[in-house]
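So the structure is just underneath, and the comments pick up after that.
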Amino acid sequence: MGGASGTLPKVAMLMGGPSAEREVSLSTGRECARALRGQGYEVVEVDAGPDLVAQLNDIKPDVAFNALHGRWGEDGCVQGLLEWLRIPYTHSGVLASALAMDKERSKAAYRTAGLPVVDSVIAAKADVMARHVIAPPYVVKPNNEGSSVGIYIVHEATNSPPQLSEEMPAQVMVEAYAPGREMTVTVMGDRALCVTDILTDGWYDYEAKYATGGSRHVLPAEIPDEIADLCHDYALRAHQVLGCRGISRTDFRWDEARGADGLVLLETNTQPGMTPTSLSPEQAEHVGLTFGQLCAWLVEDASCER
């Protein structure tokens, strides 16, 4: 996608915003803006807020690079706004973004595609704190928040139900705990890049994802070819059944003792992190793309109505 007279497009870097993941979004936006400038693009950094429409009208960008995370940025809201303004934007569109953000509905889509998922129920927060709504071990998380914010693990020997924070919504997802290795695959367009094995001291939480040294990434994962092929296939099918575009990242758990039957899909992230410790840029680099080239590819892939 080119700007006026065949020049590189002018890019508005949408970052920050009001969600719980604001700080990660700011980090993502700064890194992507720096990388794009290194590729020759003019980039204007925009801290997305109530005056976003006025800011975009003033900037008149050719492309909006969506570096927002969490609510409003990856749930279809800002995508709908950009469609209304007719500004081509990166990453997934309105429907795919909204669907992926809603864990219950995205699981329903995965099931229709024959993808293996973990059993779960949606329950009232009050009920979850009063009793075990499913047998431990299980995980409690918001149905529509990302980056493992507010996730609770209830272990098998736990007698008392979890006491959830005030930040947790009135309705939460209670999901059977999936044992095994945490792995992830980035899809770029119609290509699954590689499998990363994520090694941490415990649950892959918000700190492990975004803090330097919070986790160790092994790529390609040291797993049998059969499992790697399944991860690639499942990630690509998840990307397609949700209707994603640009890049997405799908997370898995694999219980080695059960072989191929032990691989389950956890969720797909339509706005994967783009920070120095992020998984998708590492996978792109593994297949020969620099961070700057990955960001430039996203800009060239930007569009409306798909």
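Here, residue 1 is simply the first one shown, and the rest follow in order.
Every residue, even glycine, has its Cβ placed from backbone N, Cα and C.
Sequence annotations record features per position, and here Swiss-Prot assigns ATP binding site to 134-184. Sequence-distant neighbours of PRO162 (ATP binding site) (same chain, 6+ apart, CB under 8 A from its CB) are VAL128, MET129, VAL140, TYR152, VAL154. Under the three-state DSSP scheme, PRO162 (ATP binding site) falls in the coil class.
Under the DSSP three-state reduction, ASP251 (Mg(2+) 1 binding site) is assigned to strand. In this view, ASP251 (Mg(2+) 1 binding site) is surrounded by 22 other Cβ atoms within 10 Å of its Cβ, with every protein chain counted. According to Swiss-Prot, the feature Mg(2+) 1 binding site maps to ASP251, GLU267, an assignment based on sequence analysis.
Taking all protein chains in view, 23 other C-beta atoms sit within 10 angstroms of the C-beta of ASN269 (Mg(2+) 2 binding site). Positions annotated as Mg(2+) 2 binding site by Swiss-Prot: GLU267, ASN269.
According to Swiss-Prot, the domain 'ATP-grasp' annotation covers 107-300, on the basis of sequence analysis.
Counted within 10 Å of its Cβ, the other Cβ atoms near HIS155 (ATP binding site) come to 9, all protein chains included. As a whole-number mean, the pLDDT of the domain 'ATP-grasp' (107-300) in this prediction is 90. Comparing C-alpha positions, LYS141 (ATP binding site) sits nearest to GLU267 among the binding-site residues ASP251, GLU267, ASN269. A gap of 6 Å separates the Cα atoms of ASP251 (Mg(2+) 1 binding site) and MET183 (ATP binding site).
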